[in-house]
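Contents: one structure, followed by commentary.
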Amino acid sequence: MTSPSPVWRPFFQHALEPDPPTVVRAQGAYLHTSDGRALLDAISSWWVTTHGHGHPRIVAAIREAAESLDQVIFASVTHEPAERLARELVALAPAGLTHVFYSDSGSTAVEVALKMALGAFSNRGVARTKIVAMEGAYHGDTIGTMSVGERGVFNAPYAPLLFEVGRIPFPAAGREQATLDAFEALARAGDVAALIVEPLVLGAGGMRIYTPQVLAELKRIAEKHGAYFIADEVMTGWGRTGTLFACEQAGVSPDILCASKGLTGGAVPLAATLASEEIFAAHHSSDRAKTFFHSSSYTANPIACAAAVANLEIWREEPVTERIAALSRWQAARIRRFEGDPRFRAPRACGTIAAVDLAVPDPGYLAEVGLKLRRFFLERGLLLRPLGDTLYAMPPYCVTEAELDRVFDAFEEAADVAGLVR
Ligand SMILES: *Cc1c(COP(=O)(O)O)cnc(C)c1O
């Protein structure tokens, strides 16, 4: 045996979980391990891999960029990959988003969005500092993003440091009006700077889906009361919900849009926060104090921007939309097999995302079974990570129907592993 690894893993209880497999290569929908196994990456490596691992265009773009311009400060100089990417993002994004601010993760994209909204009001001398968020939301793991996210075991130790936000309930089917009423009541007070939402699907909150109608109504209410609408499309962007951005399905143009995960096709980290002319204008001033004071060392890293430009080329030149449409149909058809099965609850799908809940007797139950489930999936050659009692598949777009069958067969068997009886 080798000595224990000094690596402290994310979302990993070292006291309980065995060492994970070592991945030596990733291609298409598969991760190849050092012991010669191939794991089907059914969750797109935490929702980032869109077309598949090692897409030749993206690999070539990264190689070329690394050889010519690896990294440069972005405050003093600019470069073509960042300029080109920004122009293309503005052209692709919902109308009205005219400016692009780069950072390097979903969390920072959201932090930037919150700071932009608050800064815009502050710079105009308007006293609006309240943020409204949805119950069950997830926006990242930094202090600011945890503040707008759901509170619970994941962030309890930091609770005293998290800022207060207004909460609106999740718009579950049949209870949409309560959500809209709650937002209207908060917005009416006149102190709301912004509403932040994950459009159509709450990801880490359990793949909970709501309608485009609710999304459009939330935007309408925000606009009516002068609050900004922030769309956190970090997970839902890049085709995940069936369209390039989820907001498109509601005909919504947000004031601020956060993109990351699939922005580079999932190859290298990059994030972009897109903002409206009004928000940019609020920071555009001969008064230096109104500058948007935000940066990170690797802002607009040229290699990452080049990868993102290649990703957009793939969207333009390959049948990505057709692949997503087919995958969406396959997912919707397969998740239906759990309807009426008492061991499962709420089979659902939105675009390339399909989910179903295990009908466990109580929430604590799964804490013990979770590990067992993950081990079972690995034995089946599947990389899956249930969210509590929620089993979900969010594969890269290159996945085949036969590969999906393996995933859904394993979901069925997972009920046995969890000890649920028909
Ligand atoms: C993953 C995620 C984030 C955080 O992104 P990181 O790159 O992990 O920091 C933010 N918002 C949503 C909706 C996400 O799914």
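Each residue, glycine too, has its Cβ placed from N, Cα and C.
Since the structure is predicted, the reported quantities are computational estimates derived from the model, not experimental observations.
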Binding-site annotation, TrEMBL, pyridoxal 5'-phosphate: partner of G106, S107, S296, S297 in D35, D41, D232, D362: D232
Between W46 (substrate binding site) and G106 (pyridoxal 5'-phosphate binding site), the C-alpha gap once rounded to whole angstrom: 12
Proximal residue to K261 (substrate binding site) among binding-site residues G106, S107, D232, S297 (C-alpha distance): G106
Binding-site residues close to ligand 1 - of G106, S107, D232, S295, R385, only those whose C-beta is under 6 Å away: G106, S107, D232
Among K261, R385 [binding-site residues], residue with fewest other Cβ within 10 Å: R385
Same-chain residues at least 6 apart in sequence whose Cβ lies under 8 Å from S295 (substrate binding site): F74, A75
Fewest Cβ neighbours within 10 Å, where candidates are the binding-site residues W46, Y138: W46
